[in-house]
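Heads up: the structure comes next, in structure tokens.
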Amino acid sequence: MASGMKYSYSSSSTTAAGGALNTSGKFERQPNHGHGSSSSSSSLSGVSVKGGVGFGQTHHPVRPKAPSSRRSVTPNSRTNSSSDCEEGSGRVRVAVRLRPKNAEDLISYSDFSDCVELQPELKRLKLRKNNWSSESYRFDEVFTETASQKRVYEVVAKPVVESVLNGYNGTVMAYGQTGTGKTYTLGRLGKDDASERGIMARALEDIFSSTSPAFDSVEVSYFQLYMESIQDMLAPEKINIPINEDPKTGEVSLPGASVVKVQDLDQFLQLLQIGEANRHASNTKLNTESSRSHAILMVYIQRSVHEKVEDGNTCQEKALRTTLSGRNAIPLMRKSKLLIVDLAGSERIDKSGSEGHLLEEAKFINLSLTSLGKCINALAENSPHIPLRDSKLTRLLRDSFGGSARTSLIITIGPSARHYAETTSSVMFGQRAIKIVNVLKLKEEFDYESLCRKLENQVDFLTAEVERKQKLREDDKHELEKQLRECQESFAEAKSNLITRSEFLEEENTRIELEMKDLLNELNRQKDQNDLMSEKVAQLEVNLKYNEQHQLESSTYQKVLADTTQMYEKKIAELIKQLKDEHAHAESVEEQLNKTKKLLNDSQKTIQQHEMENSTYQKALADTIQMYEKKIAELFKQMKDDHTRIEDLEEQLDLTKKLLSDHQNLMQGQKEIDELGLKLQEMYGLHEQTLSELQSLRSEHEDLSEDKARLNGELQAMRQRLLVEEKQRKTLEYELVKLKKVVPEKENVFEDKKLCMNENTCKASSTFGTPTGAQKTNSLRETLSGQRATIAKICEEVGLEKILQLLTSEESDVQIHAVKVVANLAAEDINQEKIVEEGGLDALLMLLRSSQNPTILRVTSGAIANLAMNEMNQGLIMSKGGAQLLAKISSKTTDPQTLRMVAGALANLCGNENLHMMLKEDGGIKALLEMVGSGSNDVIAQIARGLANFAKCESRGVNQGHRKGRSLLMEDGALDWLISNSNTTSTSTQRHIELALCHLAQNEDNADDFISTGGVKELIRISDESGREDIRNLAKKTLRSSRTFRTMQADKC
């Protein structure tokens, strides 16, 4: 068996308490959203913060006033708070984005491990100070290092942009340590690749697609705050621009900054490129292009209000608008402002190495960020004083935090524990900012200029319309007069035609009346004929009834006559036969009599000699003669009686023949009766057929009744079973709740056993056997063993069968927790056989087929990867179509974690030589190589491990002599990928790739492929430069043992 890895999972749950804020003011209502609980609220200048005062106010809190239904409206502008805005309207939304590791992080990885652990499903971030101490924080969204620019924009900035398009102010700001990707997230232009565009370009793209140049206008200003001096980046000559604040509304404006009206995205990107060229940036130890100023993009949007966007207005607003505008409605215009703030990164002097002018810049950056942090702290802690005027940055952002703008903040952090303090500071800044709730306000103005232009156009149009209609009326008058004359002429002609037509119709009417009289006479005659025919029909019906009765009697008589004739014929035949028998008997008697007479004569001749002896014989003879004479007399008498009887029968036969002839004569005159009889027989036949069909229908009805009764019985039984299953389901759900409470909540759900072992080995080697490294390894092993013990305890209490039944639950949360427990159990060899026996493998494969939940697919793939560590399970997985399912999932998902689990499962299956052909036919090898496109290092490591397992098994089969031919990996291009990635930076991946190349090269049938693709050079490099001695020795052995390689090297020499 080849080496593999196992995955462990644990579930965790968090809850966020929601809070509500209220404020006083004219015709304003505040949204009820936010993190944490909310207490009393105060209102200063229309700004509401959790239990405190607004951003920038220095008064003490005052008692809040009750909300009023009135609103103040000026002729030019009005504001109202949004109570119907989308979810999370007022609270500052905070997201965290983790920067991928850079070269410096990879170099220092041996000294500083990752301190950040992300849990995107739970929207949590965990900071590990060391292996035994960590803190967990919850945000509105958590982005991993693989998150795309598009997804970051849609989650963080798009809701703000949509709110700005609806008339509200909005702010999107990036905060974090220098070099963590703030400028990349916000200001990336994406010239070569549009998918890398930042929030600025994507926001303006959405704004242009949602506005109309004919009715709306979009203007931008782009400036920077450099060493407490505001400088225009679109006009670099404008420096030290002052900040003006409206004493009534509190709005901040920059009168000296350039305001450029933009028409499309290309024009904006050109302006953005000009501004970025004028921004201050320098090279420090932490960042080669470190921004030395805070860049702020202001987008001013002015939109005309149409009916379709007025759904947020109340009935009082509409009534007020009607009152102010009179009959002609005054057009409304909404003005809003979008701020996109790219803050300069905070830095520590000892780490950045700043000195001289860079040191002064760093001081001003840290000073402004400190002032911003103080304001955020004061707002989060409900402080009575907000230090707004400590910095120009806080003055510019007074509307973003605690004001009336919708604000989204994205915190950018790095993964390295080297900057643990800076990362913690950034995270705590976001945690305090998430507590702030703004009061969104809508600003609308009456557009009198537009109304005036509209009215002037209407007057011109109406004047031209009046003139056009007057001309049309004159033309219509002439046309009507002409038509009148034509109508009069037509009327006279029609009148004459009508008179002629009426005379013709009168003649036609007279003719029709005569025809009607004739028809009536004809109808009367037909009526008389019909009456006569009716009488004949009635008479025929009577005759028909009589004939039917007579036919019935004739048929009865005919039947009796036939029976009598048959009986007589039978008796005559018997008498004739008896007569013949009697004649034969009489002849025999005469013969006997003759013989007797002859004997008597003979006896008389000898009687004299035997008188004494014959006396007795003579007596017996006399008796015999007397008996025969009596019999002869009886026979003669019987013959006379039979003769008399025969004569009687002959008379009866003559009478019967006479009757038959009479009956035949009668039957010849009754053909119609015969036809009626035939019809009657046909009707009788139809009646019999109907009876038979009725009988069959009755039998079918009885069968259906029996089926119905049987189905009712089965239905009742099914209902009973459903009730029992429902009770079992409720029992399983209750046990699942117990299971959720017992499962540990703070363990990493995506670490596998093999990976942990590799990391421990690396850490142990890096610490050179120090006690600290051993303690870390022992601590991790104790954690894993404790987790496995907890899962085993749960399995014993609940039962594996019930846990597997939860995999078929209709609730996705129940399935997720159940499959996590099964995956943890499958990580132990002792549990794998029991899981398979209880149907766990079938249930997991069914989840892969039917579920669309990404978490379920990821964890299920990990569970199958754990089961695939067993050789017997590998055969079952392949026979049940597991490789096809894994290949299908890899083609559908882009999640790196899911791909990692799928690749791990396929890699374990590659370690069984007997399954290689089936694995290739099911698309497993092809899917493994296609997952290279994910770009994830963990996925690529599993791919390399799978190819190494596959090549090792093939090499063993070739050496043992039971496998021949070219490697199956060659057809899918695996050799090219191995050669091109053999110099990867990942030690584990490089080791597996080198092993795969060495094992593939041991097959002599692969030699031509190695020569054509440059694989031989790579083998020579591995034999000299590989980081592991065993791999170097294996490469050298392969080069020496291959006849083709030796010949090629000899030719070169």
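Using the three backbone atoms N, Cα and C, a Cβ is placed for every residue, glycine included.
In TrEMBL, annotation is done automatically, which means it is predicted and not curated.
So that you can see what the record holds, here are the features copied from TrEMBL:
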COMPBIAS  1-25  compositional bias 'Low complexity'
REGION    1-89  region 'Disordered'
COMPBIAS  34-48  compositional bias 'Low complexity'
COMPBIAS  69-83  compositional bias 'Polar residues'
DOMAIN    91-436  domain 'Kinesin motor'
BINDING   Gly176, Gln177, Thr178, Gly179, Thr180, Gly181, Lys182, Thr183  ATP binding site
COILED    452-543  coiled coil
COILED    572-735  coiled coil
REPEAT    798-840  repeat 'ARM'
REPEAT    839-882  repeat 'ARM'
Query - For Gly179 (ATP binding site), nearby residues of its own chain (Cβ under 8 Å, 6 or more apart in sequence) - result: Arg99, Leu286, Asn287, Ser290, Gly345, Gly414
Query raised in the report: Per residue, counting other C-beta atoms within 10 angstroms of the C-beta, which of the binding-site residues Lys182, Thr183 reaches the highest number?
Result: Lys182
Query raised in the report: In the repeat 'ARM' (798-840), how many residues does DSSP assign to helix, to strand and to coil?
Result: 35 helix, 0 strand, 8 coil
Query raised in the report: Do any residues of this chain, six or more beyond the ends of the repeat 'ARM' (839-882), have a C-beta under 8 angstroms from a C-beta of it, and if so which?
Result: 1, 4-7, 9, 121, 752, 800, 804, 807-808, 812, 815-816, 819-820, 822-823, 826-827, 829, 832-833, 889, 893, 895, 897-898, 901-902, 904-905, 908-909, 911-912, 914-915, 918-919, 922
**Report entry** CB-centroid shell, 8 A cutoff, ATP site Gly176, Gln177, Thr178, Gly179, Thr180, Gly181, Lys182, Thr183, site residues removed
**Finding:** Arg99, Ala174, Asn287, Gly345, Thr412, Gly414
Requested in this report: Mind telling me which of the binding-site residues Gly176, Gly181 has the densest Cβ neighbourhood, counting other Cβ atoms within 10 Å?
Outcome: Gly176
Report task. With an 8 Å cut-off on Cβ-Cβ distance and a minimum sequence separation of at least 6, pull the same-chain contacts of Thr178 (ATP binding site), or say none. Result -> Thr284, Leu286, Asn287, Ser290, Ser291, Ala344, Gly345, Ser346, Glu347, Ser352
Report summary line: Row Gln177 (ATP binding site), column other C-beta within 10 angstroms, all chains, value 25
Query raised in the report: Which ones in the same chain are close to Thr180 (ATP binding site), with CB under 8 Å and 6+ residues apart in sequence?
Result: Arg99, Gly345, Thr412, Ile413, Gly414, Ser426
